[in-house]
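Right, one structure below, let's go through it.
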Amino acid sequence: TPMAQVVLVGITCFATPGMYSAVSNLGAGGTQDVALSDESQGVLYGMFALTGLISGGISNLLGPRLTLFIGTLGYALYFGALWCLQTQGTRWFLVLAGAILGMTAALLWSAQGSIMMSYPLEKDKGKAFAVFWAIFQFGSFIGSVISLAINIEKGGLNAVSTSTYIAFLVIIFIGVASAFAILPSNRVVRADGTIVKLDTTTKVHEELFAMFRLMKDWRMLALFPMFFASNYFYAYQGSVNATVFDGPTRALNATLEGAGAIVGALFIGFFVLDNKYMSRRNRGYFGLAVVTTIIVIVWAVGLSWQVTFGRDYVTVHGRPINYHDSDYKGKGALFFFYYFGDACYQALAYWIMSALSNDPFTLARFAGLYKAIQSAGSAGSYGMDAVLHPLLNEHLASWSMMLVSFPLAFLVIRTIKETSYEEEKVVYVDDVATKEMEEAGSESEKEGEDGGKEKEKESVKSDVIPVPVAASLEA
């Protein structure tokens, strides 16, 4: 079933990018070296952006299972590089691993986007995102809890401990193995009896022409600002976490971020985007209004705090904030709602794309393009953070980009139709089964006719006695 596949791909992402998010949320990739972390992240997202332009086509050529498997391998390598940095000080390896992860992650997210957006029924696509995102972010949440449990006793520890990386790697290898549980589209049947897609792969020339047409689609161009802004704020939030808080408190903030993402995804998916009392276009308008309200309120609160400090927080105050301090009051809630809003924002982006088509090949290309533009934004944000721009500037840049994207998203939502099934070829599993039975029957009849002819030939042959044998019998 579609939801079973969404859950399975959620488990794969729970154990791979979920663990990556967990260590990233600790600030500076858990290293306390903000400059090195920004350099590796910039390279990672730069390669992610370049590969994302073609990753949808690669996913369509290889199929979702193999694409997901290849995509998970980069996360294992990256965590190995973090571990080497912690124990051996190999800075170059982290940058190289970041570049490789950028390429493999683009493949993983293209396959994931295709499955999550194309497999469910149109009325369940918000729920599909909610289920996937909750499972995926639960990986970030669990990873953060692991870090919190390991580091909570070492209040003076600034960098994430080696045992944390070992725990992450064990979970990641489970995710690598889980990719083989994913099924191709022709083996997934929706609740209405339709098969997601009979064809499981495409051809190279088809993908080249399809990507060319995609880049001319004004709706995709209008969504570029939303794509670009959707991960831009991660560098800012990670930098604030690393600059202002000590190790255990960063782990606590990361745990709250994971919890906020889970709650936000479930809220927007079940109660807003799949509201059964509204038409599909009105659900889009409603979702846009809700997300806009959340982003305005949360980031306005964040701005009121950001204007009170800069990158010299520890120099000015003498030490970073600990969760026991009175200064911590309200800060954890802000990180919770930052990621609550992030889940709602990304849910809206995915829902809009999934409302434009049900074809898994088309949606794989959408997902690849989405991640490419998103990663370009992330590369830019980490580059901005690497040269130590004021945190206030990063806050305003992140917030303003999201605000600009909302009117353009409104224009795309206006084009959404109540259903895309009428335009796209829909195949029912019963029709396929009947056709297969008819083909099998015709083959059986043909085999029966051929067998009957063979028997007749054998019968004729048995009636014709060779001359030497007949002569001997007469004798």
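Any Cβ shown, glycine's included, is placed from N, Cα and C.
TrEMBL does not curate its annotations; it predicts them automatically.
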Of the residue ranges 218-236, 332-350, the one that TrEMBL records as transmembrane segment: 218-236
Positions on the same chain near the transmembrane segment (130-152), where near means CB under 8 A and six or more residues out: 3, 6-7, 9-11, 13-19, 21-23, 25-26, 30, 112, 116, 160-161, 163-164, 167-168, 171, 247-248, 251-252, 254-255, 257-259, 261-262, 265-266, 268-270, 339, 343, 346-347
Touch test for the transmembrane segment (256-273) and the transmembrane segment (285-305), at least 3 Cβ pairs under 8 Å: yes
Spatial neighbours of the transmembrane segment (164-183) far in sequence, C-beta under 8 Å, 6+ residues away: 5, 8-9, 11-16, 18-19, 22-23, 30, 64-65, 68-69, 71-73, 75-76, 79-80, 82-83, 86, 111, 115, 139, 142-143, 146-147, 150-151
